[in-house]
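Undergrad: Encoded as structure tokens, here's the structure I'll be asking about.
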Amino acid sequence: MQTQTWIRRGSNLKLEAEVIDIPPTPTHGDTKYGGLYSSSNMKTAFIIASWYFSNIGVLLLNKYLLSFYGYRYPIFLTMLHMCGCALYSYAAISWLEIVPMQYILSKKQFFKIAALSTIFSFSVVCGNTSLKYLPVSFNQAIGATTPFFTAIFAVLITCKRESAVVYMALIPVVLGIVVASRSEPLFHLLGFLVCLGSTAGRALKSVVQGIILTSESEKLHSMNLLLYMAPLSGLLLLPFTLMWEGNVLAITAVKARDDPSILLLLFANVTVAYLVNLTNFLVTKHTSALTLQVLGNAKAAVAAVVSVLIFRNPVTVMGMTGFIITIIGVVLYSEAKKRFKSVH
């Protein structure tokens, strides 16, 4: 089994897998390998485009359902995501054999995965809830501060410290959100707080995951980890959706009778939510974890622009400036951390 390293970015599971090197450009006379090279580039471009489409698509679908369509049940919606991811993951691993099946080997490993599922559920529910109150553009700006929370949890939990330059690079990350928050026309305090909770949850999960799944026997492929985490998350969310969102199944049935399109929207939402995880893995496999990180920074900006064009939410110059400052800070932080690791 190859050694694999887990990483976290945004509201989704990600994996640093083996990088497949693209062969060097052949001479013009070698048409056979030239065609293979072109085909490889096209395949990689298609996978990246699919990753962008699924990431932005699930954000827009969540926003439409929770804010514009009036389906205000973020916990139940997250539970549907988890159930769908469990079924799709089983099909992808058992039937399509995208990756080899791995099994839980001990109760200790099971409880570790259950702990990750709890943090993961909290993060996703908070992220979906925030979309009830905040525009996608502001949601993405807050989500870009994940490195700030990751650095905090790394110090508090693992006592791992970075260089002063790395921490200084986090200043514009926080400054940008302060600027964007003060000038956001649709600012909502509860939405802002739960979005911060979602961002902190993603960071906490990435740090905890690096601690509790450290031995070779406990490491799981991203798709296998999702296979076990998704149903556990769904079970964890079930009592909360029953307590806080009422008889949501009956409500959904009534909505479906009046407007059958809700079933199509929910099915599309669940499917795209799974594709986010699948394309995360494929992009890393065909490029690198660093490329995925760079694309993720750009994705936040693209999602913000697309959401403004579709939902027409008002934006200000100061709000856009704050978002740009945050993205620049994230890039600087990534570069500073990479250089610090290369030195040490």
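The backbone N, Cα and C atoms fix where each Cβ goes, glycine too.
Whatever TrEMBL says is automated annotation, not expert-curated.
Okay, these came from TrEMBL:
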type	residues	note
DOMAIN	42-334	domain 'Sugar phosphate transporter'
TRANSMEM	44-61	transmembrane segment
TRANSMEM	73-98	transmembrane segment
TRANSMEM	110-131	transmembrane segment
TRANSMEM	137-157	transmembrane segment
TRANSMEM	164-180	transmembrane segment
TRANSMEM	186-204	transmembrane segment
TRANSMEM	225-242	transmembrane segment
TRANSMEM	262-283	transmembrane segment
TRANSMEM	290-311	transmembrane segment
TRANSMEM	317-334	transmembrane segment
Undergrad: State the residues, same chain only, that lie 6 or more residues beyond the ends of the transmembrane segment (262-283) and have a CB under 8 A from a CB inside it; answer 'none' if no residue qualifies.
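TA: Same-chain contacts beyond the flanks: 12-15, 17, 47-48, 50-51, 54-55, 57-58, 61-62, 64-65, 69, 71, 77, 80-81, 83-85, 88-89, 92, 98, 222-223, 226, 252, 255-256, 291-292, 295.
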Undergrad: How about long-range neighbours of the transmembrane segment (137-157): same chain, 6 or more residues beyond its ends, C-beta under 8 Å?
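TA: For the transmembrane segment (137-157), the nonlocal Cβ contacts are 8-11, 59, 127, 130-131, 166-167, 170, 173-174, 176-177, 180, 184, 186-187, 192, 195-196, 198-200, 202-204, 206-208, 211, 297, 300-301, 303-305, 307-308, 313, 315, 319, 322-323, 326-327, 330, 333-334.
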Undergrad: Top stretch among 73-98, 110-131, 290-311 for CB pairs under 8 A with the transmembrane segment (44-61)?
TA: 290-311
Undergrad: Between the transmembrane segment (73-98) and the transmembrane segment (110-131), do 3 or more CB pairs sit under 8 angstroms, pairs being 6 or more residues apart?
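TA: Stretch pair touches.
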Undergrad: So what's near the transmembrane segment (290-311) in sequence-distant terms, Cβ-Cβ under 8 Å and 6+ beyond its ends?
TA: 9-10, 14, 48, 51-52, 55-56, 59-60, 63, 68, 135-137, 140-141, 143-144, 280, 283-284, 323, 327, 330-331, 334, 338
